[in-house]
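Going by Swiss-Prot, these are the annotated features:
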DNA_BIND  300-363  DNA-binding region
COMPBIAS  49-58  compositional bias 'Gly residues'
DOMAIN    279-299  domain 'ELK'
REGION    43-68  region 'Disordered'
REGION    172-191  region 'Disordered'
REGION    233-276  region 'Disordered'
Amino acid sequence: MEDYNNQMDHESSGGRGNFLYASPNLGGNYGRAASDHQMGINTFHLQSSGGGGGGGSGDQCNFQSPGTHPINVKTEATTSQHGHQKFQYNNNNNSHLVSSSRGHQPVIHQLQNNFDLLNDDHSLSSNEVEAIKAKIIAHPQYSNLLEAYMDCQRVGAPSDVVARLSVARQEFEARQRSSGTSRETSKDPELDQFMEAYYDMLVKYREELTRPIQEAMDFMRRIETQLNMLGNNNNAPPLRIFSPSEDKCEGIGSSEEEQENSGGETEVPEIDPRAEDRELKNHLLRKYSGYLSSLKQELSKKKKKGKLPKDARQKLLSWWELHYKWPYPSESEKVALAESTGLDQKQINNWFINQRKRHWKPSEDMQFMVMDGLHPQNAALYMDGHYIGDGHYRLGP
């Protein structure tokens, strides 16, 4: 929250403002004497100030409602030249300013637990201050205003802080019921406008606080899901970035009424993104397992196509080089080659067929022999460097 306040301070210095409420008669003179200076425009914003109850010109009064703790309120004196009025709320060691000024960009900051809507002034007597304070506490909008403020405090707060805020709210309501304070319809339009504007400002402030925190938590949950999906391959235990208490957003955007209507917070069960895929896979395996098994066996029986053994190829190439002019082995030669290479005759036939297609072209003499009707395999004698019969005897060159 401190980082967020620092960021908002930086933005305000750059001329950026949030939640501007302007009205000629919106709370500018509320609780002040008729002789005070009129302001042309009133803007309400929260501005961080440095600690304590604050000094400066002005008096400090203590207001206390029946059954409540004292409330410190301070007004800083201003002049008509500045047109500037500040409502300062003090609580513990921190102080925040609700400013009503002209020409200054509004900046939203965290409110304190016991915020006030009045300022002391030299022109107001103690009786008048008590009367104004009683009007604010008795205003019908005061309960909603307090609830909106506590919702802002819940945003991003740890679970123990959220619990303390809920207890404080319940104690306040109990004191209000025991004191018998009635909240009749307000007859002060100026006070109505001030309470309504302040309530709207707190609601918008809560929305601005909730949005970045919710987006950050959604992003971390997506990262958590992706990491768990990657870890499922290694059977790793589920990864949780948020603890169970943090996973409930620590009171983000939740009021006491919302928690009561929901019957308490319940942890959303984790959804395995791969459960549906695994279920489909198991169903297909059960349905087609028999067919897949038979297909696997059939494929395993088939020999993969590959090259012949190196030694066998070398012996076939040696025979090829010796019989290049007529590379047609006889049946007896095929049997001999099969025995020497360890191949069957089908493999030998296929090898010679492919080898002749790729690397052999008949000579002109062989082409004439084929054209004359002399089958080469039946030729008992072929001169010009070829073999006689089975090729064991060779004639002269």
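Note: Cβ is positioned from N, Cα and C throughout, glycine not excepted.
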| note | Taken over the DNA-binding region (300-363), the predicted model's pLDDT averages 86
| Residue counts in helix (H, G, I), strand (E, B) and coil for the domain 'ELK' (279-299), per DSSP? | 21 helix, 0 strand, 0 coil
